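What TrEMBL says about this one:
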BINDING   Asn60, Tyr63, Glu64, Cys118, Thr153, Asn201, Arg206, Ser217, Ile218, Lys219  Mo-molybdopterin binding site
DOMAIN    79-235  domain 'Oxidoreductase molybdopterin-binding'
Amino acid sequence: MAHRWTNDLTRADATPRGLFLNRRQIMAGAGALGLGGLAGRAGAQTALEPNSFEEITTYNNYYEFGTGKADPAKNAAALDTTDWTVTVDGLVDNPGTFPLSELIAGLAVEERIYRLRCVEAWSMVVPWQGIELKDILDRAGVQPNARYVAFETAVQPENMPGVRRGVLDFPYVEGLRLDEAMHPLTIMATGLYDQPMPKQNGAPIRLVVPWKYGFKSIKSITRISLVEEQPATTWNDLAPSEYGFYANVNPTVDHPRWSQASERRIGGGLFSARQDTLMYNGYDEVAALYEGMDLKAQF
Ligand code: MTE
């Protein structure tokens with residue numbers, strides 16, 4: 001079988017853990033939808049029926065390449081991913097700047113079919129391939145005083161029209177609390193639909209945190225820093241009353257300018273009626289991370 005992964009792992013090297021998680025997610029989705037928990041029931045299946053490759057790669061948010069949904073597909077070909085390196089620094093035992101292949105060498109690549117819910121109230125379902133972020137962090141050796149993980153996207157002004165125009169304060173930065181970063185649902189995705197990550201989706205490696213609004217899932221990562229204090233994050237910095245640091249999908253906490261109770265599923269043609277948004281985007285297993293927190297205040 002041809003090697004499809006930049007780190008030379010094939011799908012056969014992946015552990016069955018991803019399939020297990022997918023099955024659990026289908027069950028979680030079915031339960032949340034009140035369908036009695038049977039994965040075979042139509043509603044639950046619809047919920048995790050992946051969008052087409054075409055839809056996933058032509059309707060994007062990647063402001064470095066423009067603010068229109070079609071701009072990344074049009075402009076991201078210019079992203080230079082050759083000799084990509086990722087710097088791992090801060091409170092780790094093994095800091096360094098690693099070629100991507102070295103960063104992920106030997107780590108299990110799994111398929112994860114996840115819902116992606118954008119803060120703009122649209123959603124799709126994406127069959128990612130990726131590595132648990134935990135595996136990368138474990139190898140880095142997280143030190144006991146680290147409490148957050150900060151991420152940074154590449155800045156290539158010559159290749160990125162949105163950077164040249166200054167549509168946001170670049171580099172795009174994001175962050176997670178350490179326990180969120182270590183959760184088994186959190187992946188560093190290197191591909192989708194068994195293809196290397198398309199540039200408009202964040203080649204060659206991007207974060208995917210399926211229970212949070214899509215803006216947390218930062219693309220084309222060049223730096224991962226373990227830090228003690230909650231790091232600055234792009235959208236929260238820009239409009240703190242509109243975009244929280246946590247950004248957990250929550251149908252009961254509206255965006256100040258629109259409702260988050262429902263979402264428009266991209267694609268789906270005739271039957272693309274709005275669907276109810278699920279707490280934690282249906283990934284109820286993360287609820288324990290937020291016990292005791294006021295989710296209206298810490299949105
Ligand atoms: N990462 C960077 N570097 N720049 C961006 O503009 N947009 C975010 C997130 N990651 C963004 C980013 C938003 S708002 C969403 S919804 C998702 O990417 C979209 O991912 P997709 O285009 O693969 O669906």
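Easy rule for this one: first residue shown is 1, then count along the chain.
Note that Cβ sites are derived from N, Cα and C of the backbone, with glycine treated the same way.
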Arg206 (Mo-molybdopterin binding site): secondary structure state under DSSP, collapsed to three categories
strand
For the domain 'Oxidoreductase molybdopterin-binding' (79-235), what's the model's average pLDDT?
98
Including all protein chains shown, what's the count of other C-beta atoms within 10 A of the C-beta of Ile218 (Mo-molybdopterin binding site)?
24
Max Cα-Cα distance in Å among Asn60, Tyr63, Glu64, Cys118, Thr153, Asn201, Arg206, Ser217, Ile218, Lys219, the residues listed as binding Mo-molybdopterin?
19
